[in-house]
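Copied over from TrEMBL, here are the features:
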type	residues	note
TRANSMEM	31-50	transmembrane segment
TRANSMEM	90-110	transmembrane segment
TRANSMEM	122-142	transmembrane segment
TRANSMEM	176-196	transmembrane segment
TRANSMEM	208-225	transmembrane segment
TRANSMEM	230-248	transmembrane segment
TRANSMEM	268-289	transmembrane segment
DOMAIN	318-381	domain 'MIR'
DOMAIN	392-449	domain 'MIR'
DOMAIN	453-512	domain 'MIR'
TRANSMEM	592-615	transmembrane segment
TRANSMEM	635-655	transmembrane segment
TRANSMEM	662-680	transmembrane segment
Amino acid sequence: MGSRSAGLKETLCVLRSLLFCKMLRFLKRPLVVTAHINLNLVALTGLGLLTRLWQLSYPRAVVFDEVYYGQYISFYMKRIFFLDDSGPPFGHMLLALGGYLGGFDGNFLWNRIGAEYSSNVPVWSLRLLPALAGALSVPMSYQIVLELHFSHCAAMGAALLMLIENALITQSRLMLLESLLIFFNLSAVLSYLKFFNSQKHSPFSPNWWLWLMLTGVSCSCAIGIKYMGIFTYLLVLSIAAVHAWNLIGDQTLSHMRVFGHLIARAVALLIIPVFLYLLFFYIHLMLLYRSGPHDQIMSSAFQASLEGGLARITQGQPLEVAFGSQVTLRNVFGKPLPCWLHSHKNTYPMIYENGRGSSHQQQVTCYPFKDINNWWIIKDPGRHQLVVNNPPRPVRHGDIVQLVHGMTTRLLNTHDVAAPLSPHSQEVSCYIDYNISMPAQNLWRLDIVNRESSRDTWKTILSEVRFMHVNTSAILKLSGAHLPDWGFRQLEVVGEKSRGHHESMVWNVEEHRYGTSQEQKERELELHSPTQVDINRNLSFMARFSELQWKMLTLKNEDSEHKYSSTPLEWVTLDTNIAYWLHPRTSAQIHLLGNIVIWASASLATVAYTLLFFWYLLRRRRSICDLPEDTWSHWVLAGALCTGGWALNYLPFFLMERILFLYHYLPALTFQILLLPIVLQHVSDHLCRSQLQRNVFSALVVAWYSSACHVSNMLRPLTYGDTSLSPGELRALRWKDTWDILIRKY
């Protein structure tokens, strides 16, 4: 044992000596770090930052849609819930992040375009993230063209066109979302190209995984900013599907290897985007936990999950509805307005305007405001009392009930009399005994639509119920029509005999208390008193997400037109512009107005690529290969990304029934700009037959780019809005009659 221990010590001493010698040798040598820096990228990034960040806080006034997004930023700062049907919340959260970093407290009234920002509004910070996104899109365009295996000259051309395009500069210098959307669109394309190119050399390497995951993340961020981002996501998915199909046919790969490739792509391009999309909404709902002005659009259960507002009323209410319960019944459909089942002492007119007769019974309507006449009592038909027993007897699915109007004590009734505005449906009334051989028909069977079992109990807020009339099988329904003046313009309620299911037939209990007073006067005092506050019932995240997502997709904007709205055909030819801001005293102004040279050239490049592609395709069908296989594959991939990206981001707008603006075209335009230098390089390399032709073509390209720079400089006062022009100078910039250049009349 002693000899072993001595040997071990000697070995350790030798190792320490060797380590010490190596450290000495390392310290004697200079520490050298080698880095490859692409000066083109550095220069493009610097120029992008200069053009987007220069005088970013000017003008210090609300510019066009800043009035729209600014109010949502204030809601984030104050944690107030809102609903915006323009898109998912990620873009709004990024804008709000700028406000948070600048110390914005949310106290500013975003009520009109041109309003001067108060001192507490960090304008520079609020506009910073869109400006950074716009600036970084310039070097990103350079990298995309390089990854498509085109020359540095073509890549520089694409980046410089992005740099000087006036509409892109204007849109990225303001508190708007398009530059963020374009950034993540380009990020998704660049990440996928880097992943695809690394596929050939180092599949499943860390670099390979990084770019694949970034592709999915970028796609999800693009969709999270605006629903338009789904077009680029579909583009990337389509190209990835084609490449995956080619992998399946690769006989050099084993079955397990192919399976691994497919699983990796499914996780990165399908699962991660879904997870991140849900995460955006989770953060959004976690931040906005307070009641706000958009609450009434949401269901009672959703409203009750918010702090304040309805939650103050509904917390602590009894969960199970019992015979004798006092309730308000909200229509789940809520269109055209959220409303509650309502009645009042007024009766239907004996004769309507069209000559039809009515029952002259007490009116039953749906009223879009909280009111004492919205209260009803759930009565057991077999008992006279209108109070809750001790212990309470809960109402279950399938039970027969009567609905007693709290303030008039008349029972909800329907009969074979045509409804006032819906003659194909039955009139709904509160029964008055006129002793004219029209008996009461006031029995209703409870149908819990979202029940889990046949004996489910009726629950406050959570249960969605239908009331089926026992005598006629009609279902209590909101027709949505506004009654005439005799009905106080309230919404019509009818008995619908149709057996189909619709949300307008579904109701839920919003406010609820156990009735304790049998006498009418005492009961009226009870109905006027507030409900008790004690317990909180929260919806799950998935329930809130599902409802919010559905509302965002189905909520329709009431605006049908706008002064600066335009059609997709007007975008391509740049026949339209948008006046964003006008200085209150001088003629300085900001317009969303594109560089007409770039827009026209980009459209021509798209047409040229399409014609050349089909020409080459026809010739290849005849076994005439004008291009080598590598060149052909690069040409096809470039066209799939750029032409496909333009088509997917442009053509769907022809099918949309919504107000459209010029800025909706900008994502499609960026794909055209990427394609333009690719087509020019292809013409120079493959269609110019001699060196002389190439030199002439190069000279023409330089002249063309110089004209684009000249136009960009001429439009600069309208891009930055920092120069006051004379009326004559403004008229000189009105190159098209359809351009709305604002000229003051002094």
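Sequential numbering from 1, following the chain as shown.
In case you wondered, yes, glycine gets a Cβ from its N, Cα and C as well.
Residue counts for the domain 'MIR' (392-449) under DSSP, helix first, then strand, then coil, are 0 helix, 26 strand, 32 coil. For the domain 'MIR' (318-381), DSSP puts the residue distribution at 3 helix, 30 strand, 31 coil. Segment contact holds for the transmembrane segment (635-655) and the transmembrane segment (176-196), given three or more CB pairs below 8 angstroms at sequence separation of 6 or more. Among residues of the same chain six or more beyond the transmembrane segment (662-680), those with a C-beta under 8 A of the stretch's C-beta atoms are 137, 141, 144-145, 148, 150, 153-155, 157-158, 161-162, 165, 167-168, 171, 176, 178, 181-182, 185-186, 228, 231-232, 564, 566, 568, 570-572, 576-578, 592, 594, 598-599, 601-603, 605-606, 608-609, 612, 638-639, 641-647, 649-650, 653, 701. Mean model confidence of the domain 'MIR' (392-449) amounts to 92 (pLDDT, 0 to 100 scale). Counted over residue pairs separated by six or more positions, the transmembrane segment (176-196) shares fewer than 3 Cβ pairs under 8 angstroms with the transmembrane segment (31-50), which leaves the two as not touching. Beyond the transmembrane segment (268-289), the same-chain residues lying 6 or more positions past its ends with a Cβ under 8 Å from any Cβ of the stretch are 75-76, 79-82, 88-90, 92-93, 212-213, 215-217, 219-221, 223-224, 233, 236-237, 240, 306-307, 541, 544-545, 548-549. If you look at the transmembrane segment (592-615), the same-chain residues 6 or more away from its ends with a CB under 8 A from one of its CBs are 64, 161, 164-167, 170-171, 572, 574, 577-578, 580, 635-636, 639, 642-643, 646, 662-663, 669, 672-673, 675-676, 678-680, 682-683, 704, 707-708, 711-712, 715, 718-719, 735, 739.
Note on the transmembrane segment (208-225): residues 87-91, 94, 177, 180-181, 184-185, 187-188, 191-192, 194-195, 198-199, 202, 232-233, 236, 264-265, 268-270, 272-274, 276-277, 280 of its chain, located 6 or more positions outside it, place their CB under 8 angstroms from a CB of the stretch. Proximity of distant same-chain residues to the transmembrane segment (230-248), defined by a Cβ-Cβ separation under 8 Å and at least 6 residues beyond the stretch ends, is recorded for 185, 188-189, 192, 196, 199, 215, 219, 222-223, 258, 261-262, 265, 269, 273, 637, 640-641, 644-645, 648-649, 652, 667. For the transmembrane segment (31-50), the list of distant contacts is 132, 134-139, 142-143, 152, 155-156, 159-160, 163: same-chain residues at least six beyond its ends, Cβ to Cβ under 8 Å.
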